[in-house]
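Notes for the one structure printed next.
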């Protein structure tokens, strides 16, 4: 961030962006995977919604304060303040977020498997059930388990004890006992590439990337629309309009998070207690109206110079749509392939960032050549077609996942052999 204000050539600017992308990439996948590891399925939507709010809300909050920084200190200080915030974040992460990676040896699991195997050898079933006169079932124990709780406890006590790490050991940048082998690294590099062939992963990446394109369209044209007549907003006033985007992200978070989890439970009850990943996709239904309407109100409203409240309200609609469009595909991908979610999220982010990169180059000449009205009408109908794809996966998504089951299980075996399962 410190280098960026002093970049004087195109090559320096591109190199600076490559470096920023490299060091900032972990935020794109590690957070989602942490949520999937910590929370249950019926809670996952809420906390992924909070993550989406933090991710997109911060992107909407940045223009809010950068406008005042630009007016008061100059445009270079916008980037200097980013560097200051990054430095503060680095100190917090370094001092208070030590490495928690832990590779658990499967000794206790092995003992449990031996106990279960002994149960089956002793009599096939541990209990016998018979009908009583009242129609209820009475259960009688017929065989004793060869492994009791004390046996397993004794085996657990035989495991080597680990000493508590000191503060300096927790702060190490590299722990040799948790180092990855060459086969582990090779698997982590190649699996995301193969996951491009999984329809649910491809769908999630495309839906996520498409919504991010609308986010870039909004950011790329906000200053053009609001700083020109008839609005003629200053930089700080353009920044203040992003308050509506932040309000929209709050609404989108509540809708996709809390309401989304309740919808998931309701659909599961109606499906005889079985939750399916496609149940969450019904949240896209509201976006079929909100996203095209927001794009038309933004572009056509600007072309016809409507009152400033119209474009600002459109920003709120698009802000809410972006949060929902970020949370739903991530949750769907994790629900569909939970045990490969770390690798699948890398694939999703690759698709998303490729689409975002492309639209970033095209939005300015697109709007310049077609005009606000025509460009955003095209964008609105493109969003309608793109969002309608969720209906295809509601209808055939389960069949597509079942078709990928053999390959999914094969990948799980590879992960187990590499010692990367969790």
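Backbone N, Cα and C atoms are what each Cβ position is placed from, and that goes for glycine too.
Of the listed segments 4-25, 26-47, 48-69, TrEMBL assigns transmembrane segment to 48-69. Given the ranges 75-97, 98-120, the record in TrEMBL names 75-97 as transmembrane segment. Matching 168-190, 375-397 against TrEMBL, the residues noted as transmembrane segment span 375-397. Sequence-distant contacts of the transmembrane segment (312-332) (same chain, at least 6 residues past either end, Cβ-Cβ under 8 Å): 32, 44-45, 48-49, 51-53, 55-57, 60, 200, 203-205, 207-208, 210-212, 214-215, 218, 222, 241-242, 244-249, 251-253, 255-257, 260, 277-278, 280-281, 283-284, 286-287, 290-291, 293-295, 297-298, 301, 345, 348. Comparing 48-69, 281-300, 344-363, 375-397 for CB pairs under 8 angstroms to the transmembrane segment (193-217), the maximum falls on 344-363.
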